[in-house]
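Contents: one structure, followed by commentary.
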Amino acid sequence: MWVPGFGSARLPQRRRSGLESSSVRPLWLLLLFLLAAVRPVRAWESGDLELFDLVEEVQLNFYEFLGVQQDASSADIRKAYRKLSLTLHPDKNKDENAETQFRQLVAIYEVLKDDERRQRYDDVLINGLPDWRQPVFYYRRVRKMSNAELALLLFIILTVGHYAVVWSIYLEKQLDELLGRKKRERKKKTGSKSVDAAKLGASEKNERLLIKPQWHDLLPCKLGIWFCLTLKALPHLIQDAGQFYAKYKETKLKEKEDALARIEIETLQKQKKVKVKKPKPEFPVYMPLENTYIQSYDHGTSIEEIEEQMDDWLENRKRTQKRQAPEWTEEDLSQLTRSMVKFPGGTPGRWDKIAHELGRSVTDVTTKAKELKDSVTSSPGMTRLSELKSNGQNSRPIKIATALPDDIITQREDSAGAMEDEEHEAAEGEQESATTEARPRRRKSARAAEAVTRVEPEEKLRGKRQKDFDISEQNDSSDEEKQRKERTRAAEEAWTQSQQKLLELALQQYPKGASDRWDKIAKCVPSKSKEDCIARYKLLVELVQKKKQAKS
């Protein structure tokens, strides 16, 4: 049963499939025709090239050369070859060309006896040799050329190619300029104002620079010019090469010298003896107590007893140092005096420099300088205040000895030297003035000092006797003693070992003569004022002076 709507809908699909099949069929037919038209391709072989060369050499028909017909059998060709070989053999033929004729006969026979090569020869007879339109023609010519001929041919080809490339570059630039000129003309006609004058000037310069290739642009001329310029520049090139080689040698020598110097420095550093550090004196370890306000010694003891204990400890320490220090010779003493003149009072680090020159410790040098000063300033008839003090102390009853705490004073070589610097700077000025003054002046000063030392104990004895009878004077003196003791006690209790060390370091850092010295020292010691530092310093100086007076 036919439905009207569906039949009309299917009909166009059938038509499309028929059209598609009709368009594909001609393509298949065209491909088959092309495949059938293609002939088998055969390349030229070495046998073909030898055959072509033989044909050109003989310049005769091979069949005519043997005396046979073209359709002759191989047996007939063999018989003809034997007959001709007997006549053309060099042993029987005395002709000059006998060898070449016999060689050609053998080559012709080799071609005709083989059916395949004979068939190729027949094709040559029909079609002839390859002409100039075939590549094998040129190949056969090139095969016969020598090396020189090949080089010449290659050079000619390169020359022609180079000249053609030069012309192509020139024409290309000319074409670009022509197109650019036309574009500019169009822009001018349209009235566009975007044309830049600089671009126009550059294009005109390029047009002027364009030059047609000349005969000297040929490759042989270029090579000749390059060769001449190379010969001219050859001396300069040789000179530059020599300079470069000399610089290279210098750099190599410098590198070797640097390497040797480094090795020597390393060996010297290895050979250097390790400096033995001097053993630092062992100080008693300070252990802070939980109760910092606990008294470390009996405040009822006098300052003289504390000084005696301090002197005993310092004497024991000095004895050990004296054992280690070498003895002083006359040369050492003269060197000491010269160094003291060289480094006068007020010089920063004076005693360190003097000790460095003498090769001794600072304490050893300062003690010896003090001894020299005492020996110069004192006379045999003088009585020292320290001797009177010691006599007075011996007459007093002995009290309980108390140990001096470590936080009062810290003895070190550097710190002792620094404080002794402060003491001896004034003394050195006296020593230098005493050495420069005349002898009568010394006698006067010695007598005056003697008188002072004699008057002082008398005044003290008188004062003591008056105080025994005068109650007000006794009270005043007791008040003064109490105040002095309270000050010393406050100074002793308030100063810790770390603060004492900081004070000693600050005294070394800011020597005598520095501006705002005590302000800077007070800044270095925490929680201490300028007055505290000065009072502490005075106390330490008094202790050291008393110790030295007792020793002397």
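Glycine is treated like the rest: Cβ placed from N, Cα and C.
Residue with Swiss-Prot feature phosphoserine, selected from Ser17, Ser478: Ser478.
As a summary of secondary structure, the domain 'SANT 2' (490-545) carries 42 helix, 0 strand, 14 coil according to DSSP. For the domain 'SANT 2' (490-545), the predicted model reports an average pLDDT of 82.
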